[in-house]
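If you check TrEMBL, you get these features:
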| type | residues | note |
| --- | --- | --- |
| DOMAIN | 13-400 | domain 'Major facilitator superfamily (MFS) profile' |
| TRANSMEM | 14-31 | transmembrane segment |
| TRANSMEM | 82-101 | transmembrane segment |
| TRANSMEM | 107-128 | transmembrane segment |
| TRANSMEM | 149-166 | transmembrane segment |
| TRANSMEM | 172-190 | transmembrane segment |
| TRANSMEM | 222-243 | transmembrane segment |
| TRANSMEM | 255-280 | transmembrane segment |
| TRANSMEM | 289-309 | transmembrane segment |
| TRANSMEM | 315-338 | transmembrane segment |
| TRANSMEM | 350-373 | transmembrane segment |
| TRANSMEM | 379-399 | transmembrane segment |
Amino acid sequence: MEVLKNKQLTSRSVTYIFAGLILINICANYISGSTGIYAATAFREYDRIDLLSILFVIEPLTRSAALLISGSAGEYFGRKKLYLWSVGAYALSIFLCALSPDGFLFLIAQGASGFFWGLFFSNVFSILNDVVPEKEYPVRLATLQTVNFSVLIIGPIICGLLTEYWNWRMSLFALCPLFAAGLALIWFFLPDFNQRKFSEAQYAPQNILKDLQISVLLKHRGFLIVSLITFVFTCITCSGKYIPLYAQTALNSSATISALILLPCNLLGMLTVGLSGWYIKKKGCSKRFMLVMAGAGFMGTLVYAGMIFVTNYSIVILSTATIGIGLGIYQVAPFAYAQAYMGEQLIAKGTAFIGFIQGAASVLGGVVFSLAIGKGVAFALATTFIYGVVLLWITVFHYKEPAKLNVLHHEPYERQEQ
């Protein structure tokens with residue numbers, strides 16, 4: 001029989017809460033996976049296609065800023081309250097995008113959506129930790145990430161169809177029922193049981209920054225290494241945005257074919273993200289497990305390097321599909337590590353920091369690609385081999401396998417090394 005963490009919860013209410021989180025994540029991942037479709041269409045309609053590249057920098061920047069403070073904000077205001085308000089503001093900003101009369105207002109609204117997305121994203125993992133039995137956390141997390149991958153596969157297709165046969169604005173308004181249902185489930189079934197009390201002095205900027213406890217997090221050597229691994233792998237994943245462009249320019253693919261090239265990558269990612277949850281539940285974040293992720297990233301970038309010399313569909317699919325194997329692990333392992341090994345008081349801040357690392361790496365990866373693409377898309381993709389080498393080196397020589405006895409029992413990393 002499952003032992004629930006809070007007496008205000010029942011198994012039924014946990015199911016409804018989890019369903020609410022899934023519905024909101026469906027909306028968020030639909031938007032994330034379809035931005036290139038509806039945003040490009042919108043900017044062409046506004047005759048401001050020059051703003052598209054700015055959007056791909058502003059949105060990750062605002063998201064990263066919010067991710068850094070989201071864990072502490074959830075403790076200041078209560079995770080339920082922060083989640084409801086930030087998701088509501090996120091939905092409103094997306095609908096303002098759909099109503100925008102010009103490209104500049106669209107850009108501002110989309111940038112704001114990134115900030116609100118960052119506020120609620122990492123709190124999803126903290127809410128899961130609050131309501132789900134400890135041993136079920138990796139499995140529930142893997143289920144959530146599997147849904148995310150499914151939406152990333154299907155979402156752009158649905159958005160494209162709605163945009164083509166209706167218009168891009170309706171491709172966003174179509175999310176209204178899902179947002180409403182998800183918010184209602186969280187509102188009615190999630191207790192507001194984890195708000196901390198703070199004095200006025202603690203709200204001073206210097207104390208808020210101190211409460212983020214970044215220095216405390218990074219003193220845990222294991223968490224520091226996992227953060228570095230996450231950062232480097234995120235830089236590799238930035239390549240996915242440029243694969244359709246490579247297919248259209250180097251292989252003369254149609255827009256439809258260029259979108260489908262990433263299908264094997266996403267399918268393998270969806271498969272491995274599900275398996276990752278079950279593996280971590282049984283074995284924890286073992287070194288062998290992390291090496292699979294690093295090895296997949298390294299081999300995928302090695303094949304990328306070959307694109308300078310070989311141009312065909314096989315090499316593109318092989319490289320992205322190989323990275324997809326590691327991508328599934330990457331979606332689960334860092335957050336599961338923070339939940340399992342960092343101690344109860346650091347879980348929220350740890351997951352928030354991992355999210356921030358992913359956002360910051362996305363910005364850096366995007367900037368590097370923008371600089372390298374001047375020498376061709378193939379050259380820009382080949383530069384990721386450097387990330388692959390660094391990723392493998394960090395994992396092989398610096399990642400230490402946590403003590404198995406402490407898996408999923410919230411023990412600090414230092415205690416595991418004794």
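Keep in mind that glycine also has a Cβ here, set from the backbone N, Cα and C atoms.
Looking at 107-128, 149-166, 172-190, 255-280, 379-399, the range that has the most CB pairs within less than 8 A of the transmembrane segment (350-373) turns out to be 107-128.
By the Cβ criterion (under 8 Å, sequence separation of 6 or more), the transmembrane segment (107-128) is in contact with the transmembrane segment (14-31), since 3+ such pairs are found.
Beyond its flanks by at least six residues, the transmembrane segment (255-280) meets 138-143, 145-146, 148-150, 152-153, 156-157, 160, 240, 243-245, 247-248, 289, 313, 316-317, 320-321, 323-329, 331-333, 336, 340 of its own chain at Cβ-Cβ distances under 8 Å. Tertiary proximity for the transmembrane segment (222-243) is limited to same-chain residues at least six positions away from its ends with a CB under 8 Å from its CB atoms, namely 36, 56, 258, 261-262, 265, 285, 290, 293-294, 297, 300-301, 304, 316, 320, 323, 326-327, 330, 333-334, 337-338, 341-342, 350, 353-354, 357-358, 360-362, 364-366, 368-369, 373, 377, 380-381, 384, 387-388, 390-391, 394-395, 398-400, 402, 413, 416-417.
Counting Cβ pairs under 8 Å to the transmembrane segment (14-31), the stretch among 82-101, 149-166, 172-190, 315-338, 379-399 with the most such contacts is 172-190.
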